[in-house]
Amino acid sequence: MAAQKKLPFRPIQEIQKSIENRLKGVKYKVAIMSGKGGVGKSFVTANLAFALAFKGKKVAVLDADFYGPSIPKMMGTEGQRVFATDQGLMPVVGPLGVKIVSVDFMLPDDTTPVIWRGPMLSNAMLELLENVNWGELDYLLIDLPPGTGDAPLTVAQMIPNITGAIIVTIPSEVSQKVVMKSINFAKRLNIPILGIVENMSGFTCPCDGKTYPIFGSGGGKKIAQEAGVDFLGSIPLDPRISECNDKGLPFFIEYPESPAAKSFLDIAEKVIKKIEGDQE
Ligand SMILES: Nc1ncnc2c1ncn2[C@@H]1O[C@H](COP(=O)(O)OP(=O)(O)OP(=O)(O)O)[C@@H](O)[C@H]1O
Ligand SMILES: [Mg+2]
């Protein structure tokens, strides 16, 4: 009978130390989260990364959504590959020099699903974090999977000293309740909340120029007030956004003059001020 191969046991402190070592050139680590799926976390992560890079920051994105990675497509880097060197795994370099790491860069094609149970997911994430060579960075944005369950918890706990979390919501009442859960989730993990971004807030119709509050209005501000956290800004609904995301084009680069791109620059400014203080 073949002997069962046992993985060598490694104490968690040792793994954490090596992850910390890999991330030592990273100044600020920002997690993007929401208790709710489909509110635009990945879209916000991708475009905030571009906005920060546009402002001269060295930026990287970690797509921590192993089951539904969408960052490569939204950042115009679909089909690319990370490559291994003696110095570790080198991220893909996207528009404006933003470095990107996603499990998608390791799968044979974009329809291959990741079928892993929790422990495998944790191991894969640990392995990734222990091996990526990020180099020197100002900002590492982490696109967390949706919800407040096992997956976001594991990721959030594995990355040491997260600088803060940005919580994404849409204006509807239903999403407000779930968002409060992710605010409490961040608080329990002792991750400071940098603020709330309201996505899909209002649609300006090209035919009459009027703004229609498709999912209601003011929800993001209201929840920020209730939770005692900052409101960072809102991003309008824009059909060009979903079109770009579907086509694999980076929205911020394609439409730099759009109201949404301008909002991202405002939000980036606020994030920089909040994290780096007034020395900017
Ligand atoms: N402001 C917007 N205007 C138009 N479409 C948008 C906007 N924001 C996001 N979308 C579209 O909505 C969909 C969901 O966005 P996204 O994938 O970023 O959400 P998510 O919160 O990351 O989802 P998941 O929970 O599955 O990770 C995408 O198809 C995206 O193109
Ligand atoms: Mg996502």
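Heads up, the Cβ atoms here are built off N, Cα and C, so glycines get one too.
Automatic, uncurated: that is what TrEMBL annotation is.
Non-local contacts of K36 (ATP binding site) by the CB criterion (under 8 A, 6+ apart in sequence, same chain) comprise P146, G147, T169, I170, S175, V178, V179, S182. The DSSP secondary structure for K36 (ATP binding site) is coil. The ATP binding site annotation in TrEMBL covers G35, K36, G37, G38, V39, G40, K41, S42.
Screening the binding-site residues G35, K36, G37, G38, V39, G40 for a C-beta under 6 A from any atom of ligand 2 leaves none. Taking K36, V39, G40 as the candidate binding-site residues, the subset whose CB lies under 6 angstroms from any atom of ligand 1 consists of V39, G40. Between the listed binding-site residues, namely G35, G38, G40, the fewest other CB atoms within 10 angstroms of a CB are found at G38.
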